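**Student:** Sharing a structure below in structure tokens format, with a few things to ask.
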Amino acid sequence: MSYLQKITLTQFRNFERQAFSFEGPVTGITGLNGVGKTNLLDAIYYLCYTKSYFQSRELNNVQKGKDGFRVTGSFERTPGLQEEISCLWRDGKKSIEHDQAPYEKITEHIGKYSAVMIAPDDIELINDGSELRRKFMDGLLSQSGNGYLEHLLLYQKYLAQRNAYLKQAPPAYAAHPLLDIYDEQLAKHGAVLIRERNRLSAIMPAWVQDYYAQLSGRAEQVGMQYKASASPENLLLVLQQARSRDLDYRRTQYGPHMEDWLFSLDGQAMKTQASQGQKKSFLISLKLAHIKWLQELGKRPFLLLDDIFEKLDKTRLTRLFELLQQCELSQVFMTHTDAADLTQTVQRYYDTLQLIRL
């Protein structure tokens, strides 16, 4: 089990330079809106995945007027054995260091530490387009340690090259030997992605349904169906058959990069049919299933709870904490504007609580 003992933020968002030490399994981060509570949670997430949960552009993580940032964490993976992870971004370049030695590849770090974030913006997983859902599921599968992330990155590399070629390619009736090469590589790596996504889709929906029933106390059926573009075996054929259309549209229109996960409530699209309360229950169930997935991989994640006290009603909040008692977690970090309310709620479920006031 990993334990985060200290984190130091330098020019990260609203923090010029500040260090925080963590003393126990549960930490509450309190303060007024805008003081950086969510930023501190995101910094912990960054240490695990070398990216922000909330910001897609690294520049948005840099304190105004600065040229870069650094996030450093001190971890204890086994009793008495400590290691330091440092994430540096400056002038458009990122470096990840383990005990002050840079990784040759950032992918070497992914899977070492795991975190699950529950935040208000998660609602976009339901309401937004398929790209967010793919990214979420890819994030789960990249933790498996079976090469999924490497295949995903290679697939994206060859996809970018294929699309660049399509933008300036001759007409469809001409020979396209480069497309033959790209198609073979996309099929090779894409088949792994589809196979692993199929494996996840065979087990995760049942977990989500179980958590949803416990969380909501209702008999509704929720679903998450993986909509594959092809079988692993016929992906190459699909790409070849779509070539003329791709040349017309100047981009690759079939493959794992176009797939989706369909969320449903009683067989209907959750985006349009579910209430806000039903969506919240589903999303928390999805994140609890994420924790279970990591536990099946032998990992104990950090749980990051952002603003849940103000966004969840008392019933859902109580059931969430009850369900968390069944989870194997490294540490829990949560934010709230009201220190007294956080303390009163958390102490019903945990023996110790550290409060950090910003």
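Cβ from N, Cα, C; glycine included.
The ATP binding site annotation in TrEMBL covers G31, L32, N33, G34, V35, G36, K37, T38. Taken from TrEMBL, the feature domain 'RecF/RecN/SMC N-terminal' covers 3-341.
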**Student:** If you count Cβ atoms within 10 Å of the Cβ of G31 (ATP binding site), leaving out that atom itself, what do you get?
**Tutor:** 16
**Student:** With an 8 Å cut-off on Cβ-Cβ distance and a minimum sequence separation of at least 6, pull the same-chain contacts of V35 (ATP binding site), or say none.
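**Tutor:** Listed in sequence order: N14, L358.
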**Student:** State the count of C-beta atoms found within 10 angstroms of the C-beta of T38 (ATP binding site), not counting that atom itself.
**Tutor:** 22
**Student:** For a quick check of packing: other C-beta atoms within 10 Å of the C-beta of G36 (ATP binding site), how many?
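**Tutor:** G36 (ATP binding site) is surrounded by 19 other Cβ atoms within 10 Å.
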**Student:** Relative to the mean position of the Cβ atoms of G31, L32, N33, G34, V35, G36, K37, T38, the recorded ATP site, which additional same-chain residues have Cβ within 8 Å?
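**Tutor:** Everything else in range on the chain: T335, T337, L358.
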**Student:** Return the average pLDDT for the domain 'RecF/RecN/SMC N-terminal' (3-341) as a whole number.
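**Tutor:** Averaged over the domain 'RecF/RecN/SMC N-terminal' (3-341), the predicted model reaches a pLDDT of 95.
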